[in-house]
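Okay, so here's the structure we're looking at.
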Amino acid sequence: MDRSPLFLIIMGAPGSGKGTQSKLLASQLSLLHISSGDLLRDAVSKDTPLSQEIKSYLDQGKLLPDTLVWKLVHEKLDEFQQDTLLRRLSFLSRSENSAILDGFPRTVTQAKLLHEFLSSYFPNYKVILLDISDEEVLNRLTSRYICPACQGIYNEQQGFSSCPKCSVELIRRSDDTLEVILDRIQTYKQETQPVLDYYTEKQKLITIDANAPTQQVFQSILDSLSASLVYQERDCCNCDCDDED
């Protein structure tokens, strides 16, 4: 696969495997894994003006406005972009000159803000959609267990009662109930479809069948990325963007 800097955004319904696939891709392609959920938890644990602003919304049970969530993500992206420039100037390898973003954007406004930023530094960024059926989401979420220590995810079929890595007893998430899961699926569809439409229009979307086993989904992503990047290279080589008048 092409070794030039790469930026990926991964999207999908609850239970589609975003976290798992993000980690696999980060390891395989030397990507920095940026999770908006991790950024939020980290921000709340600190005492900064931004964290205080976030806490004020959370304490009132209010949703964070798009601009505030973007400020949090942009802070990390700006830090990452500056590090990337330093690596390029130092003629270092691509290792972590590229990244995968998980959990953001969730609205069209957020998508537009992110697109404006990425267009300047990673114009060929791609959005991976893990497309999964409602039935498979229900099957996965109603049978999953989580390690409270390392956040590892396991399912009933694996037969673990404790985490094989931490030896900590596995637990069920309190919101992994049928009623809550159905509500989360519906909310996801309502919120995400406009974002998917936006990325489809921008020709950034790569749709992957996520109903398959983990490794099969992972290979499908790699194959699709390779095909997409090769096509982009050929398209660029055939254009006259570098031709003089």
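Residue positions begin at 1 at the first shown residue.
A Cβ is built for glycine as well, from the same backbone N, Cα and C atoms used for every other residue.
As recorded in Swiss-Prot, the features of this protein are as follows:
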type    : residues                                                                                  : note
BINDING : Gly15, Ser16, Gly17, Lys18, Gly19, Thr20, Arg144, Ile153, Tyr154, Ala212                  : ATP binding site
BINDING : Ser36, Arg41, Lys62, Leu63, Leu64, Gly103, Phe104, Pro105, Arg106, Gln110, Arg173, Arg184 : AMP binding site
BINDING : Cys147, Cys150, Cys163, Cys166                                                            : Zn(2+) binding site
REGION  : 35-64                                                                                     : region 'NMP'
REGION  : 143-176                                                                                   : region 'LID'
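In the structure as shown, the Cβ atom of Cys147 (Zn(2+) binding site) sits within 10 Å of 20 other Cβ atoms.
For Arg173 (AMP binding site), the Cβ neighbour count at a 10 Å cut-off comes to 13, with all displayed protein chains included. In terms of Cα spacing, the binding-site residues Ser36, Leu64, Phe104, Cys147, Cys163, Cys166 that come within 10 Å of Tyr154 (ATP binding site) are Cys147, Cys163. Here Cys166 (Zn(2+) binding site) is compared against the binding-site residues Gly15, Gly17, Gly19, Ser36, Leu64, and the shortest C-alpha distance is to Gly19. Contacts of Cys163 (Zn(2+) binding site) defined by a Cβ separation under 8 A and a same-chain sequence distance of 6+ are given as Cys147, Ala149, Cys150, Gly152, Tyr154, Glu169, Leu170, in order along the sequence. Neighbour count (other Cβ atoms within 10 Å of the Cβ, all protein chains): 18 for Tyr154 (ATP binding site). In the set Gly15, Gly17, Gly19, none of the binding-site residues has a C-alpha within 10 Å of the C-alpha of Arg173 (AMP binding site).
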